[in-house]
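Q: Pulled these features from Swiss-Prot for this protein:
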type    : residues                                                       : note
BINDING : Gly156, Val157, Ser158, Arg159, Ser160, Gly161, Lys162, Thr163 : ADP binding site
Amino acid sequence: MLATHTRTVFYISDGTGITAETFGNAILAQFDIRPRHVRLPFIDTEDKAHQVVRQINHTAELEGKKPIVFTTLVNMSVLKIIEDGCRGMLLDMFGTFIRPLESELGVKSHHRVGRFSDISVSKEYSDRIEAINFSLDHDDGQSHRDLSGADVILIGVSRSGKTPTSLYLAMQCGLKVANYPLIPEDFERRQLPPALVPHRKKIFGLTIDPQRLSQIRNERRPGSRYADLVNCRNEVAEAEAMMRRSGIRWLSTTTKSIEEIATTILQEVRPERLQY
């Protein structure tokens, strides 16, 4: 179903606004609307809060609809100005979750701006950077070195979604992910590439509908044999047959988001070292 109407959506924070936008997008994805996104970060003074109120109210007047306003504001005086003054539908995420938790836990939260992504809190930041570097070094079969250090190894035909999934797992979960493209030489051998065999338990396969694969490849190399539908059908069939013979778990990425693919991989492979 196509989106039926538009609505301006504000994401307001005294930090970067990334958390507000992430939560907001997750919620809005449940509705058939076409949002116009406006992120307003670093709203950390009362003067800035009054400017935000004017911007929201101007938008409401122009469009004749209440803008949707997601906030992750720690500063209560700033939040109150926006709550009291704006003519939008305000959804205060921190207020929704933090204040009930304070009551239940019997302790006050830190009320620190940017606490969610504070890189000084622990060594998780450096671990994630290390995971990203590992995943880049081992992208598309570039390196077979230190595969024993990989948490997950993805295999599949070219353009089946291995690279974006690898980077998502590295950035969001701190996992070291290698990925390897299955090519005609692998199909001729009818078995996994020798370098991957010792790490079979870490391997997860991605496949894709041949017609969709042909469309994706045509965007990259239009009219080529690489993008030809018959070739795509053959490659996908060979890859799936190899994964079945080798006992490799796999899924089709055709209609799935990166988040859905990554979650399935985590459930199936269950890597020991996992950060959220």
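Cβ coordinates come from backbone N, Cα and C, glycine included.
Provide an account of the burial state, proximal residues and distances for the features listed.
A: Gly156 (ADP binding site) falls within a strand when secondary structure is assigned with DSSP. Cβ neighbours of Gly156 (ADP binding site) (same chain, under 8 Å, six or more residues apart in sequence): Lys162, Asn179, Pro181, Leu182, Gly205, Leu206, Thr207, Ile208, Ala239, Trp250.
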Q: Where does Gly161 (ADP binding site) sit by DSSP, helix, strand or coil?
A: coil
Q: For a quick check of understanding: among the binding-site residues Arg159, Lys162, which residue's Cβ has the most other Cβ atoms within 10 Å?
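A: That would be Lys162, with the highest Cβ count within 10 Å.
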Q: Tell me the Cβ contacts of Thr163 (ADP binding site) under 8 Å, same chain only and six or more apart in sequence, or just say none.
A: Asp139, Asp140, Asn179
